[in-house]
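> Quick paste of what TrEMBL says about this protein:
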| type | residues | note |
| --- | --- | --- |
| DOMAIN | B:23-282 | domain 'ABC transmembrane type-2' |
| TRANSMEM | B:25-46 | transmembrane segment |
| TRANSMEM | B:85-111 | transmembrane segment |
| TRANSMEM | B:132-157 | transmembrane segment |
| TRANSMEM | B:169-189 | transmembrane segment |
| TRANSMEM | B:196-216 | transmembrane segment |
| TRANSMEM | B:261-279 | transmembrane segment |
């Protein structure tokens, strides 16, 4: 069984908003899968449903073959979750937070103690083990939460915005842990992010979400090649007298001469077109001094799919995540 | 066995949190002490024979005055179930402080919601029923320890406390606190507004305390208040604890330690079942 998470036509309607509107995807064992999209796209809601914290309005969610609604207990045994908002007990020490998590998830005694020590070492918090979490920085808390989620060695790790609000060093560290987990334990990781670089750096496959729907899914390369228009820049060593070099490259979509010896070639797929470009260049006894190509980033893909920039959408107000239900007045 | 582990870990958490918060430990004893000293000793003087001879209308004849003083003293004693007012009130305060502590700790599930720890317990692989029962029992233990401390402190103010029966009294307190922690838990799982937090606590705790016989015997209440007091579980634990700690019997005719126990167990069971059912259905939506 290679498909460890199956989400089919998932719909979640809150009182006034449809947060998730017909989302489907599958995640293979050992894969890092990212949901990428702006705040309010429905990523967290989707993840909460998979983690059995919300009941879907309709649709099917299977985790390791178990239905997330009917067999929630079985699902919970197989997942480790790092939430977007902190979920540590601030009044307790790092060690106690780990300890309680271990006991809540079926670990005990010597084994538990050793695992806690090992994991705190992994996330470089060992010397703070007996400090209360309330004195921890954001990055330390995040690392502690990741360590905690790994304690019971889940098959599937769910990370909701793992690096939100962190400084670059902490981000880099957390990226390293995620890569390490994949490499060392072949863990299946489902993550959400609104950072394009994060999705691109970590995920094997990415689903771009907006307004409760998955707009596109695939590897970062696949997503970007949807746009087709790669741009290749070739600088030649010696320019020939012939000013019309473009006629040599009849296989490209568009070609133009830039100042000096630079050519700009627009192609569908630069990785396929580049060898051909080199072949043509050498056939005509020319030499390449420099070659580069620029691929569309995920931001351009998002722009292409939604008509707006991902980073613009980040500034829009999101669907309220924690709603105040019937307050006492 | 992972269920008992989860149960134990939640008890551990509640105890550790209480212990880590030393100032709270001190406050839980200091606050009832203030009530006992000022309200107990203050009113105690009024409801005692020393205040009687100087009262207007008492004839200034030693023999008559003695008879009247005796009669009034007996009246007070009978009113307060056979003990003086200080003892009467102190034994009530023991229950009151356990009640407030347990209700607030149940309600403080709302803090777990706010600070996110609730989610951690919601995705745990242990059965949710075990998790929430562990939490409630942990709080119950904390409340029971607190009331034991208060009983010890009360020894400074009265010498009518029966230390041998104290464990039995604490057992009643423990059973009651489980019920009220469960009630508080259910309430805070259903509601998420932080603003209402303090108000709910006051709105529920104050009337229940006033209509339970902590400060005055339920038998002297107006009819409508008596009627509510009979449906107030706190009334029965106050009555029973007073009985075991001081041998006092200040309550309605049908009340005795056994009926008290039966009613408390029934109440607590109902509350526990409700809390478990609620927690099992809890999502992050509410």
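All residue numbers here begin at 1 and follow the chain in the order shown.
Here the Cβ of each residue, glycine as well, is placed from N, Cα and C on the backbone.
Small disclaimer: the values here were computed from a predicted structure and weren't measured.
I'd like to know what surrounds each of these features in this structure.
Remote same-chain partners of the transmembrane segment (B:25-46), defined as residues 6 or more beyond its termini with a Cβ less than 8 Å from a stretch Cβ, comprise 18-19, 84-86, 89-90, 93-94, 96-97, 101, 146, 149-150, 153-154, 157, 215.
Residues 14, 28, 31-32, 35-36, 39-41, 43-44, 46-48, 76, 118, 135-136, 139-140, 142-144, 146-147, 150-151, 154, 157-158, 160-161, 169, 173, 176-178, 180-189, 191-192, 194, 197, 200-201, 204-205, 208-209, 212-215, 217, 234, 237-238, 241-242, 245-246, 248, 250 of the same chain, all 6+ positions outside the transmembrane segment (B:85-111), place their C-beta atoms under 8 angstroms from a C-beta of that stretch.
The list of residues near the transmembrane segment (B:132-157) in space but at least 6 beyond its ends in sequence, with Cβ under 8 angstroms from a Cβ of it, reads 6-15, 18, 28-29, 32-33, 36-37, 40-41, 86, 90-91, 93-95, 97-98, 101-102, 105-106, 109, 121, 166, 169-170, 173-174, 177-178, 181-182, 185, 245, 272, 275-276, 279.
With a threshold of 8 Å between CB atoms, the same-chain residues lying at least 6 positions outside the transmembrane segment (B:169-189) that come near it are 94-95, 98-99, 101-110, 113, 132, 135-137, 139-141, 143-144, 147-148, 151, 200, 233-234, 237, 240-241, 244-245, 260-261, 264-265, 267-268, 270-272, 274-275, 278-279, 282, 286.
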